[in-house]
Amino acid sequence: MVQDSAFLAKLMKSADTFELKYDFSCELYRLSTYSAFPRGVPVSERSLARAGFYYTGANDKVKCFCCGLMLDNWKQGDSPMEKHRKLYPSCNFVQTLNPANSLEASPRPSLPSTAMSTMPLSFASSENTGYFSGSYSSFPSDPVNFRANQDCPALSTSPYHFAMNTEKARLLTYETWPLSFLSPAKLAKAGFYYIGPGDRVACFACDGKLSNWERKDDAMSEHQRHFPSCPFLKDLGQSASRYTVSNLSMQTHAARIRTFSNWPSSALVHSQELASAGFYYTGHSDDVKCFCCDGGLRCWESGDDPWVEHAKWFPRCEYLLRIKGQEFVSQVQAGYPHLLEQLLSTSDSPEDENADAAIVHFGPGESSEDVVMMSTPVVKAALEMGFSRSLVRQTVQWQILATGENYRTVSDLVIGLLDAEDEMREEQMEQAAEEEESDDLALIRKNKMVLFQHLTCVTPMLYCLLSARAITEQECNAVKQKPHTLQASTLIDTVLAKGNTAATSFRNSLREIDPALYRDIFVQQDIRSLPTDDIAALPMEEQLRKLQEERMCKVCMDREVSIVFIPCGHLVVCKDCAPSLRKCPICRGTIKGTVRTFLS
């Protein structure tokens, strides 16, 4: 400590008027911590202190007083300042230093002797405070050069390890990593740095520690499972590499929070809560949008929970599902069972342009009549361009459902209408292609999700298809190189792309290799397609089986159906399988919304 330093004792004796500040922002105080620093370290204590480091007392490990960066294992030729600047360039202390100013740099500015007798060592100004660059022996008579670091926080009590906030810094800690089956690169990418003993690692953000790794473990998955509230995971959860993102520039929490600089002071929901829930501020009123699903919300009220509103209006948002989970979304949806009911009935009923406009409900106390919705200048302009009224109505309804407001400009509406037309054209082309398909290909396409889940004998199927020349050796290898969980889906997609001949070979191969699955996909279709009038002619057991099958999820073939797809209205999957689908497995129509149902 300072009191035990002979040099500092001499200094204070010869410069009684100096007020020495006892904290690590003072270089002299940092220097005093090196009294027990190991003698064999090839880096001088003075250069370490000058670079912002104080001695921790453990081996040759030092720590920056400002950013918390910890370094050890010093080697010949190491420059503390350069390593500090390289590993943590955003450190406030590093940023305040002029790289040209060092002990060997240009001569230091002199201070008048009168100033020397009155200026405290911890003197703070915008340019000079607490940065000592004089020599030991000449300090009492030589001037002192000061630099600003008052912006640096005190030593943080947060678990966040600033030193390890880059993947590169974390990777450097795995020099003695003992395991071969789990790569340091994956651990570092998942936020972990190595602390030992054994295979023990810690997260730089939440300080969560894990050990006893097994071969099947995935670093990122284990991190999420054990420490779901980790701030690093929350930001990572917003990464575009994990799911489709509507606005890439808003994928980080920091980017979203910056948009709230002009957030109305009268707003009833805190900006931090909105940013955490994936929303960024559009700059208008209290309108916010999700960076992932592009869903918009407005008119916030006291007590509103951004996560609940997100799950209420946009239950299929991938960011929402990743962060909060399907169970949370299902609970929220269960509280609003009739939210999309009227929209569904509107989609299923025939369009009558002369009929009275329907009312689409968007929340308690909020409604919008079609007659008003279709009377705005923007909508009228689109109608005058020749777009069909039914297409305009449907497009505007979905815009209001997704964002809570009508189109503001004609150009935006026209873009939406053109996209809707492209989507309709694509669906028509798919439907036409399916009509030309053989029965085998149509059945494989229709039951694709069932095959994804239940086709386990992929390798034998590959060899059968290869010997029948239904697929090429290159296509066979492409399937085998996929992870085990993706091989079935890749094989089915390959067969569907190859066409009728490959589908026939697939059917014949499946009959030999998995007769039970073959019956479910191909044989039982004859019974399923019987007219309703003919069911009574079936045996009682078959009637019961058919009734049970009607209530069974067509994807997992296990749980009861409970989700109605919008706009097609098909009720064919359970609440657990619905989020993974983008098109209805029955009609192949694009799923634009879902409604939870409860069968009695």
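The count begins at 1 with the first shown residue.
Using N, Cα and C of the backbone, Cβ positions are placed for all residues, glycine too.
For Cys290, Cys293, His310, Cys317, the entry in Swiss-Prot reads Zn(2+) binding site, with the evidence type sequence analysis. With a 10 A radius on its CB, Cys293 (Zn(2+) binding site) counts 23 other CB atoms from all the protein chains. The secondary structure of Cys293 (Zn(2+) binding site), as reduced to three states from DSSP, is coil rather than helix or strand.
Summarised as a single figure, the pLDDT of the domain 'CARD' (436-525) averages 82. Residues or ranges marked as domain 'CARD' in Swiss-Prot: 436-525.
Annotated phosphoserine per Swiss-Prot: Ser138, in sequence order, evidence recorded as similarity to another entry.
Marked as repeat 'BIR 1' by Swiss-Prot: 27-94.
The feature repeat 'BIR 2' is assigned by Swiss-Prot to 167-233.
What Swiss-Prot records for 253-320 is repeat 'BIR 3'.
Marked as zinc finger by Swiss-Prot: 553-588.
Around the Cβ of Cys317 (Zn(2+) binding site), a 10 Å sphere holds 25 further Cβ atoms from the protein chains shown. Non-local contacts of His310 (Zn(2+) binding site) by the CB criterion (under 8 A, 6+ apart in sequence, same chain) comprise Ala277, Gly278, Phe279, Cys290, Gly295, Leu297, Cys317, Leu320. When the repeat 'BIR 3' (253-320) is classified with DSSP, helix, strand and coil residues number 27 helix, 8 strand, 33 coil. What surrounds the Zn(2+) site, by Cβ distance within 8 Å of the Cβ centroid and not counting Cys290, Cys293, His310, Cys317, is the set Gly278, Cys292, Asp294, Gly295, Trp313, Phe314, Tyr319, Leu320 from the same chain. When other Cβ atoms within 10 Å of the Cβ of Cys290 (Zn(2+) binding site) are tallied across all protein chains shown, the result is 26. Counting residues of the zinc finger (553-588) by DSSP class, helix then strand then coil, yields 3 helix, 9 strand, 24 coil.
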